[in-house]
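Here is what Swiss-Prot says about this protein:
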ACT_SITE  GLU91  active site, proton acceptor
BINDING   GLY163, GLU164, SER195, SER218, LEU219, HIS220, ASN296  S-adenosyl-L-methionine binding site
DISULFID  CYS104-CYS340  disulfide bond
DOMAIN    97-329  domain 'Radical SAM core'
Amino acid sequence: MKPSIYSLTRDELIAWAVERGQKQFRATQIWDWLYKKRVQSFEEMTNISKDFVSILNDSFCVNPLKQRVVQESADGTVKYLFELPDGMLIETVLMRQHYGHSVCVTTQVGCNIGCTFCASGLIKKQRDLNSGEITAQIMLVQKYFDDRKQGERVSHVVVMGIGEPFDNYKNVMCFLRVINDDNGLAIGARHITVSTSGLAHKIRDFANEGVQVNLAVSLHAPNNDLRSRIMRVNRSFPLEKLFSAIEYYIEKTNRRVTFEYIMLNEVNDSIKQAQELADLTKTIRKLSYVNLIPYNPVSEHDQYSRSPKERVLAFYDVLKKNGVNCVVRQEHGTDIDAACGQLRSKTMKKDREKVTATK
């Protein structure tokens, strides 16, 4: 199975081409074809010799993904189900915002973090995506825009899809370098957010990278007891370790951290828990932000339900009175399979039913 050429940074592409007797400018031409003209095959690169096109074809594919399902919401949100070369399925979501077009990418096939409310973890991690497979998600959404010929572009990226990005650290960092490259897609670092469930040692590594990419932490509980019950990762990285790493990140980067907090009815949404959350974030208040997220119910996790609006607002009010920067997240795609992992799970179930029916 040939790797995608999207898995190379520009410097890596230059080194690869030079090793094969090409001048540096040849790699620059190829890079332009990929990310500015956004061709789908090497044969479309008209200023590259046929001999070198043949070498490219022998070494790489361009986009390794196949589009299986597309769902479009009334609010313009588009959810894609892509098939990988080995037949596995991943999800990608395009969200239209007032400030631009944001794409949520997947980094792993399945997830081992084990959050008890999440559709992503219904299927255990089967493998990491390589950097080319992550980049390819952006490229196919950008192709959707290019085909519409309205001058639209992917302006923001959130690494919040299926999987734990910091459990696939090397490939995620390569992906970030590719999409941020000024000579390519040129998606600004401050328009990119990486979300982690709380791998404290990787937060420290990320702080040391020196990148301007935003960091979000999936918190979802204000104390160790509850967080360990609903997020298995907390047993390895309890709040003390997590917040030590977050404080290191803030000190090292002077950048704000966003805390994601899914509102689960009568689980983590009480007034007492709001005060606990305010107290937990007190020492980093100036450089932290809390995002309260309405829960998208998952049939396999029917022990959870969405917090009523009045409970969300009461929770929000406590945070605001304590000086916490916070917002209730605007929902997208509520009329389609909105929860992360839902579309993939449903499609896999249908595929299994088809196989069973033919036996």
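Note: Cβ is positioned from N, Cα and C throughout, glycine not excepted.
On the structure: features taken from Swiss-Prot.
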| residue | record | Cβ neighbours (10 Å) |
| --- | --- | --- |
| GLU91 | active site, proton acceptor | 25 |
| CYS104 | disulfide bond | 24 |
| GLY163 | S-adenosyl-L-methionine binding site | 30 |
| GLU164 | S-adenosyl-L-methionine binding site | 26 |
| SER195 | S-adenosyl-L-methionine binding site | 20 |
| SER218 | S-adenosyl-L-methionine binding site | 22 |
| LEU219 | S-adenosyl-L-methionine binding site | 27 |
| HIS220 | S-adenosyl-L-methionine binding site | 24 |
| ASN296 | S-adenosyl-L-methionine binding site | 18 |
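Comparing CA positions across the binding-site residues GLU164, SER195, SER218, LEU219, the one lying closest to CYS104 (disulfide bond) turns out to be SER195. Within the set of binding-site residues GLY163, GLU164, SER195, the entry lying nearest in space to GLU91 (active site, proton acceptor) is GLY163 (CA atoms). Considering only the residues assigned to S-adenosyl-L-methionine binding, GLY163, GLU164, SER195, SER218, LEU219, HIS220, ASN296, the longest pairwise Cα distance works out to 19 Å.
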